[in-house]
Amino acid sequence: MNSSKSPGLAGFGILKNTTCHTEKKISVFFSIIFMTVGILSNSLAIAILMKAYQRFRQKSKASFLLLASGLVVTDLFGHLINGTIAVFVYASDKDWIRFNQSNILCSVFGICMVFFGLCPLLLGSVMAVERCIGVTKPIFHSTKMTSKHVKMMLTMVCLFAVLIALLPILRFRAYQIQASRTWCFYKTEHVEDWEDRFYLLLFSCLGLLALAISFLCNAVTGIMLLRVKFKSQQRQGRSHHFEMIIQLLAIMCVSCICWSPFLVTMARIGIDESHSNETCETIIFALRMATWNQILDPWVYILLRKAVLKNLYKITRGCCGMHVINLHMWELSSIKNSLKVAAISESPVSSKQINLQPRTSTGQ
C-alpha cells in the first residue's frame, strides 16, 4: 500500500496511521481566506496592469508589464485551482479513499502545487534580472529586451515549471497524500529512495536558487540606483529612486521570509533521513507562509509601486513640515525613468549637457 510505484494505490497507506490531525474549522477558514484574498488582490493587480498597458505602450515598459502580468496571472490561477481543490477536500471530510481511488485528484493536486509554487519563484528571478539589465545596461535593454523576447522567456519558464511538475508522473512516481490529508506533494515521510530525495532537493534547490538570483540582482540594482541618485543632480529622479529602492527591499524581504521555511524544510527532508519525520504542524506552517508570498506579490510589484508610495510620500513630507514638491514625476513610467537616468549617468556627453543646463537656464 505504501509503494510509490503503484499509481492507483500510492499515498493511501498514510491514511491508516496518520498522526497529524488539523482542526477542520480553522483549516477551512485559512483555506477560504487565503484563496479569497489571493484572488481579489491578484485580480486587482491584473486590472491595474491592463490599464497601465493601454496607457503606456513604450518598449521600455512593455517587458516589465508582461513579466508582471505573467506573475500575477500565475498567482491568480494558483489560488483559484489549489484553493478550490483544498476546499473540496475539506468539504469531503478528507476521505481520499472515497473520491480518489484512481489517484487522479492527488496527482493533479500535486502537479498544481509544484507548478504554482515554482513558477512564481522563477518569474520573480527573471523580473529581477530584467530590472538589473534595465538599470545597468539601458541601451542593451531598450534594443534587445523586446516584447517578443519577453514572451519567449515567459513561455520557457512556464514549460520548465510544467516539466518539473510532471517529472514524477513521467517516471511513474505518484504524488503522495501528506500527513494532514489536506494536500498532495512529493513523498515527505519515511523518505528512503534516492528518487524521492531527488524530487525534494530539485524543488528546494531551484526555489532557493531563484531567491538567490533575485536577491543578487535586486542588490545590484539598488546599489546602481543609489549611485545614480548621488551622481545626478536632477530632482526628477529622486522620487523614482525612492520608489524603486523601497520596492526592491519589499520584494527581497517578502520572498525570503515567505518561501525560505518551506524550501529549507523540504531540503532538510531530502538530505537527511532523520528529518523525514518532520511534524505535520511544521510543514503546514511553512506551506501557509509560502502561500502568503503569492498573496503579497501583486501588492509589492504593482500596488505598492505607485498608489501607496505616492500618498505616503505626500503625508510624510507634510508631517515633517517640509514643502511638498511637484509630484508629476510619479506619473512617469518607472522603467522608462530608470533607463533615462541610468543612460544619462553613463554617458559623458549627457553629463556635460546636464552640467551646462543650469547655466543656460540662469542665462535665460
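Including glycine, each Cβ sits where the backbone N, Cα and C put it.
Summarising the annotation, TrEMBL assigns domain 'G-protein coupled receptors family 1 profile' to 41-301.
Long-range Cβ contacts of the transmembrane segment (26-50) within its own chain (Cβ-Cβ under 8 Å, at least 6 residues beyond either end) map to 65, 68-69, 72-73, 75-76, 78-80, 82-84, 86-87, 90, 180, 182, 288, 291-292, 294-295, 297-299, 301-303. Feature annotation from TrEMBL assigns transmembrane segment to 26-50 (among others).
Positions annotated as transmembrane segment by TrEMBL: 62-90 (among others).
Counting residues 6+ beyond its ends, the transmembrane segment (102-129) has Cβ neighbours under 8 Å at 7-11, 64, 67-68, 70-71, 74-75, 77-78, 81-82, 85, 96, 153-154, 157-158, 160-162, 164-166, 168-169, 174-177, 183-186, 203, 206-207, 209-211, 213-214, 216-218, 221, 251, 255, 259, 290, 293-294, 297, 301 in the same chain. Taken from TrEMBL, the feature transmembrane segment covers 102-129 (among others).
Positions annotated as transmembrane segment by TrEMBL: 150-170 (among others). The list of residues near the transmembrane segment (150-170) in space but at least 6 beyond its ends in sequence, with Cβ under 8 angstroms from a Cβ of it, reads 62-63, 66-67, 70, 74, 107, 110-112, 114-115, 118-119, 122-123, 126, 130, 186, 199, 202-203, 206.
Nonlocal intrachain contacts for the transmembrane segment (198-226), taken as residues 6+ away from its ends with a CB within less than 8 angstroms of a stretch CB, comprise 114, 117-118, 121-122, 124-125, 127-129, 131-132, 135-136, 164, 167-168, 173, 186-188, 191, 241, 244-245, 248-249, 251-252, 255-256, 259-260, 263-264, 266-267, 269-271, 338, 342. As annotated by TrEMBL, transmembrane segment applies to 198-226 (among others).
The transmembrane segment annotation in TrEMBL covers 246-271 (among others). Same-chain residues lying 6 or more positions outside the transmembrane segment (246-271) and placing a CB less than 8 Å from one of its CB atoms are 121, 124, 128, 131, 186, 188, 191, 196-201, 203-205, 207-208, 211, 214-215, 218-219, 221-222, 278, 282-283, 285-287, 289-293, 296-297, 300-301, 304-305, 309.
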